[in-house]
Amino acid sequence: GSHQAGKLRQGTASLSPLPDVSAGNGCGHTLLTPHSGTLSSKNYPGTYPNHTMCCWRLQAPLGTSLLLAFGDVDLEPSEHCAHSSLLLADPQTGTAYGPYCRNSVPSAPLLVTNSSTVTVLFNSSSHRSGRGLLLSYATSQHPGMGAASPGMQRHPWEVPDPPLTMCFSVYCPAGCKDIHGDIWGNPSQGYRDTSVLCKAAVHAGVIADELGGQVTLSREKGITLYESAVANGLRSKRGSLSEKRLVFHKVCCLLSPACDNVLEVVAFNASSWWHEVNALGQDRAWVAERAALSTTGHSWAAEPGTEAAWLELDLGTRRNVTGIITKGSSEQHNYYVTSYHVSSSRDGKNWRPYRGSSGQEDKVFEGNADSQGEVSNAFIPPMVARYIR
């Protein structure tokens, strides 16, 4: 598909290497891809430091143009923005935008360029206040973009409030996972409507943060309490009643309600298992079959000291696998897995490592931080396989 190029190692938004695509000591959180991205000044939303600069070079695929959204521009005011400034330049047309600061803000929250290349330059001198800047961008292929700014404030790429339960679609830029802002709730019950929309979409597993993408959601009636959850490298908060909530919909679920069903595992296998003998001389086998999430009592555990241990699931036939949920074992021991790789096979002999949407290297999934809670991770894109390790 159109997203196969992925992000390049230096954070460039180009399809070929470019020098100094993100350079300087004033750069904050930055994720740039060929189709969308997010960038911010250092320390955002805290006060940006004195005497810094950052230059970002954005380049979209040929034949497309860039759309930039000003999520937040809060630079200390000065005459002609001399103390701190944001300047954008379009080298293809020779057009410049800015300089911008608090007393000279952009005339519109959305900048539509006619260029596939834009340079973003941020400078600061001595100052006392200012959050700095937060920008997001997309190409002209994705005009309906969701808020990268904290909360659900009105935003140039945010769809106006639809009636309750009506689905609408928003394009979320890459890089929303690590921007400032909170989310409340979880994928099964939905999210408090004050949550950062695109950050919640990453938590829900409907987009991969390194690529962004189109999300479909609806605003439903709010609920009394939103429970926290750990999913896709993010922890949501526990939150109180809200008037409305955000519910994300996977496209396949609109066609097939069984999309999110738990798949049946026909058989478990493992590289090894622990044969425990307790202080009373009683035996207990932590065998592979005990790895099913619903199993009461102790779980599977590899032989102590084992290197590169693995657990294998046989689904009986080839299935479309959209994610995985893991949990530790608190049965007399505080055991859990903190990170893991995933491989898949169609015949049980030839294995293929899961590399996620970037496709560059084997994906490391963030596992559990204790033996009590469940942690979910989405496979974006899904995998088709009979065997999972």
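Every residue, even glycine, has its Cβ placed from backbone N, Cα and C.
Residues or ranges marked as domain 'CUB' by TrEMBL: 27-140.
The disulfide bond annotation in TrEMBL covers Cys27-Cys54.
When averaged over the domain 'LCCL' (170-246), pLDDT in the model lands at 92. The feature domain 'LCCL' is assigned by TrEMBL to 170-246.
The feature domain 'F5/8 type C' is assigned by TrEMBL to 253-389.
Ranked by how many other Cβ atoms sit within 10 Å of their Cβ, the disulfide-bonded residues Cys27, Cys54 place Cys27 at the bottom.
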